[in-house]
Amino acid sequence: MGAIIFSSDVLKFDVTVGIDQFSFQVKAGNRFCGVKNVPDGLHVIHISSSFNDDGIRYGYWFEASSGLYMRYDEESEMYQMFREPDDIKYERMLQMGNHLMVNYPRLDDTNWSELTRFISYEQIETILDSNYVDSSMTAKEESRVLNKRLGTVNDSTCKHFKYTDIHFKSPSAIRPNHQMEDYMDKSYYLNHVIVNQQLNGHINRLLGELQFAFCNAMLFANYGSSLQWHSIIELISFSSKISHTFIEQFDKILALQLQTLPPEYAETLINKELWERCLTKSHQNDKLKLTKKAYESKFDPDQENSECESLTTLETGTLPNIDSDYDDDIEENKPSVASSVYYIRP
């Protein structure tokens, strides 16, 4: 178990703080010292405030929480993450702020572990220049294309996602003399180009990237991550030469993601045309049984109130009594995101 400490200064404005799928609001004038009893493993802290009108939600991915603390930076008007190397000093910080910290919501633990099962922190470090994410970040290739169209110079200081490049109409995806074959079946592109050349032969890293892109799209309403999530889904679904074990894992991941996605955001985050093609016309459509069931439950009006509609998640609300056992103060609901994301197929 670990903790994320926040500087104990009295807040001058409302702040929405989240960890993984859970978020809550800390009102101006209150003191808040962080989240405690954080399970071992991969997590993300995400923050937005009423002080900024741009709607940006930002945060930090982390694995080992020992020594981590958040401090507000007046110049950037953002919380920044630091690590205290002195264990004794950090323990003293924990003791001083313990009564002003909330417990990590245990109801989210199992669900979050499955949502991030294939993501390694090493892979996150490969995709991100740092552990920082916000809702305005673009994929590196997306930014390059945009700069080319606008005739602007790429800003090397801007943070980007270095997701795997997936371009279905590129020369590497459509081979000469194999145009129809490669257009109908993306197996060559998946196995020989994406997996062998870009992922060093480790196909499970594609599942990790699928999960990472989904989490960034859901928690930060990040447009580039939504594009990557859909691209990976299309790439795998329209490839015939994939192992049965891999497709089973893929099916479980997609079903869980659909079940977890808040219904109020599903309409804007999901490209229904692509999903319906994947679930009815792709090479893997008959093997995605769990995903089909979850999709029908999500979008069939008759199934709107079904118990299968979503897994247990936690609601966004005001900060509870932080001296209490937090599990007694929560209700089941859906995770929150910053804004809507619309999908445009490249």
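A Cβ is built for glycine as well, from the same backbone N, Cα and C atoms used for every other residue.
Since we're looking at a predicted model, the values are computed, not measured.
Now, the feature entries from TrEMBL:
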type	residues	note
COMPBIAS	308-321	compositional bias 'Polar residues'
DOMAIN	14-127	domain 'AAR2 N-terminal'
DOMAIN	163-273	domain 'AAR2 C-terminal'
REGION	300-332	region 'Disordered'
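Counting residue by residue with DSSP, the domain 'AAR2 N-terminal' (14-127) contains 31 helix, 42 strand, 41 coil. Note on the domain 'AAR2 N-terminal' (14-127): its mean pLDDT in the predicted model is 90. The DSSP breakdown of the domain 'AAR2 C-terminal' (163-273), given as helix, strand and coil counts, is 76 helix, 0 strand, 35 coil.
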